[in-house]
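Take a look at the structure set out below.
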């Protein structure tokens, strides 16, 4: 019988233990059990066969089974949910909203590591792309803490954007960054790309329009001890990119160190420890780490050996290696800022690699998306890499389009730089 202990205390004598056989073994003569197994048990302890009743109460049954029993027939039971630290995030369909409170209470009961259950309300309409939530059960605080790939992230789930389902994509992308490289993150959020990049020896210019996201980006930079490698900006993404390559003195922004948020700015809310969050295994959550302690120690030692870059030593108007554009709803439109962005007289080295996230509808193809990117960029893209990140809806998927920024698109022709002459112009001058 699944999830039932095979050795239990004898209710008649607490000093004794009962070895439970399958419920199919119902006779005292143990019909159905091989003689070899019976003899093996008798060699260990005296064997006395008794009847024992196993009561399968509320504590035994999983969430899905309980909800099937208590919800009206025909209701499709929610089978999974996203977990963010101590928060369970539901997306209940309209037919289940009548029962939202009882659903939340059962989820909270059956997952002791969770403290709060929320449901997304309506569609996202604000400029920061942050959903509105209704708290269905548990503590009112949405300030929580999670771990991802050796980094700790603190966030206010009601004020900033976070998606735990993108953990694999975060790892896939920052694995492409090499120590000593310069990363530009146009829509950085609280730092899921920026902080791991800094941990592996990159310098990062991170921007977000949401001031709360920038606040937690700075805090997380301090928590993870990479503040000297990250410079944080709170600007429109186009303005951020232009300032990055034109304002040599200080390059604006703030070095993300010594920026710890005062405790009272978190409204005195309880933040479950990272130990609580990283060890929990709940429905809809990610599996806890399967790595052995010595493997985790080796990884931590390897991270500590990386020489972190100081952002103060970097000149982004001369070079950066990667541009991350993680705003799939509209990032394609921001490609226009890269056209003519760089100055030929100051830029050094190869062109940066751009990683632009977007959505693709079922009636579109990869070629359609690349064509759309070329239209906004204002130039042709050679050898684009189109990667499928995840299914968002039945007719909608999230993509990452990666390509090397074309030099002929990125380099601006300055007023002091003569335009190239065609053959007829050259002959007339002669």
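First residue shown is number 1, and so on along the chain.
Including glycine, each Cβ sits where the backbone N, Cα and C put it.
Predicted automatically and left uncurated, TrEMBL annotations should be read as such.
The range from 267-301, 302-336, 337-371, 372-406 that TrEMBL describes as region 'Disordered' is residues 267-301. For residue 170 (S-adenosyl-L-methionine binding site), other Cβ atoms within 10 Å of its Cβ number 19. Comment: S-adenosyl-L-methionine site residues 170, 208, 209, 236, 237, 326; largest CA to CA distance 23 Å, whole number. All protein chains considered, the CB of residue 326 (S-adenosyl-L-methionine binding site) has 22 other CB atoms within 10 Å.
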